[in-house]
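Undergrad: After the structure tokens below, expect a handful of questions from me.
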Amino acid sequence: MKAREVNFDGLVGLTHHYAGLSFGNEASTKHRFQVSNPKLAAKQGLQKMKALADAGFVQAVIPPQERPNVDVLRQLGFSGSDEQVVEKAGTQAPHLLSAASSASSMWVANAATVAPSADTLDGKVHLTVANLNNKFHRATEAVTTERVLRAIFKDDARFSVHEALPQVAMFGDEGAANHNRLGGDYGDPSTQLFIYGRDDSGHVAPSRYPARQTLAASQAVARLNQVNPGQVVFAQQNPQVIDQGVFHNDVIAVSNRQVLFCHEQAFAQQEKLLATLAERVPGFMPIQVPTRAVSVQDAVQTYLFNSQLLSREDGSMLLVLPQESQNHQGVWRYLSELVKGDNPISELKVFDLRESMANGGGPACLRLRVVLTQDEIRAVNPAVLMNDALFNTLNDWVDRYYRDRLTQADLVDPQLLREGREALDALTKILHLGSVYPFQR
């Protein structure tokens, strides 16, 4: 059945700030305590969504989460009114207020893992929410993520949204950032590639930075999503690249249909994996970038692989990149040669996403890929689908509510809490989501 890939992009939240919360993510650490611009961050994301929608790709939006997360601060022993809870946390434990105020839900590649209906035993689209339990500031996202996804994918006859795995290290799950799908047309049954960093049965693991995804989690997600067992491949990410700052697989590899674009050091036992995929995927085309052309360090700094690989109607592909890739002479030289070569990637499109990039999130981090048939697209909440009217409405909404300057010290401002709630209350009406936030319930 004919299907299309829909990119659901995360809208950057009002508390976007730089606090270095994500150990293992070198951009996050490098930009700690710098001044952020939430308004610019949100607009940069919206501009990417609008440009891709204008280019003919189906584009949708996922809203930010309520921050500061007052409920989690109460769980940690701060009491009083909501404003007092924020003030006490900011005074006594600013690092906890910062974590509870993180806008990290913008990176919706970590929101869930998706299985299109062509791959599932029951013929439904399945989405399993990620628990993100390796990082405190992200482990609190799952409950609201589940509510939001249920408000977008409401038709139970077509969609199944599963709650996150148990919040323990054994089942550490980072969502679609560690998942790729390889096949022919989007509507064809395809091979799902689940990538993990850690297997508790004793395989080699990274030593400097944590491996956030476990094999046990990937196996559980494949079961929950009812992926046909004959269409699943599990592969370990190279632990050496995790130790160089490749905290998710989407920092070192991206796939689209029959193409896997990756670094030659991306996976453990890479030759064996590619041979397996060649057996499973008709017309499989790996594009491996050699270290001599682009080092792992340069890939991490430029987010060359944290790109979007999108199919045009004629079968050619567009590679959507952050500006940092264009700014790096060696990386841009490689890419300029790539589009001249004998492969489907025929065009490069560059976006300025520096506000997100400074916290370690590029184009691929900002989007959740969901392959849908036309009937399934019609069953999605239509208010989240990007068009001229929604873009203008959201742009005006950002202008009305967002600050253009934010530091960690500003998070204690009770007005920021009120601004955020007022903004999100308006947003749920724009996107027809109902009461998905704690303050609305």
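Here the Cβ of each residue, glycine as well, is placed from N, Cα and C on the backbone.
Sharing the record's features from Swiss-Prot:
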type	residues	note
ACT_SITE	Glu174	active site
ACT_SITE	His248	active site
ACT_SITE	Cys365	active site, nucleophile
BINDING	19-28, Asn110, 137-138, Arg212, Asp250, Asn359	substrate binding site
Undergrad: With every protein chain in view, how many other Cβ atoms are within 10 Å of the Cβ of Glu174 (active site)?
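TA: Looking across every protein chain shown, the total is 31.
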Undergrad: At the level of the C-alpha atoms, what whole-angstrom distance separates Asp250 (substrate binding site) and Cys365 (active site, nucleophile)?
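TA: Given the Cα positions, Asp250 (substrate binding site) is 8 Å from Cys365 (active site, nucleophile).
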Undergrad: Roughly how many Å lie between the Cα atoms of Asn110 (substrate binding site) and Glu174 (active site), rounded to a whole value?
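TA: Cα to Cα, Asn110 (substrate binding site) and Glu174 (active site) are separated by 5 Å.
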Undergrad: Ten-angstrom check, please: count other Cβ atoms within 10 Å of the Cβ of Cys365 (active site, nucleophile), all chains counted.
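TA: Counting Cβ neighbours of Cys365 (active site, nucleophile) within 10 Å gives 25.
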Undergrad: Since the record lists Arg138, His248 as recorded positions, which of them has the fewest other Cβ atoms within 10 Å of its Cβ?
TA: Arg138
Undergrad: Would you identify the secondary structure of Asp250 (substrate binding site) according to DSSP, in three states?
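TA: The three-state answer is helix.
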Undergrad: Once the DSSP letters are reduced so that anything not helix or strand counts as coil, what is Arg138 (substrate binding site)?
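TA: The residue in question, Arg138 (substrate binding site), is helix (DSSP, three-state).
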Undergrad: Calculate the distance in Å between the alpha carbons (Cα) of Glu174 (active site) and His248 (active site), and round it to a whole number.
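TA: A Cα-Cα distance of 8 Å.
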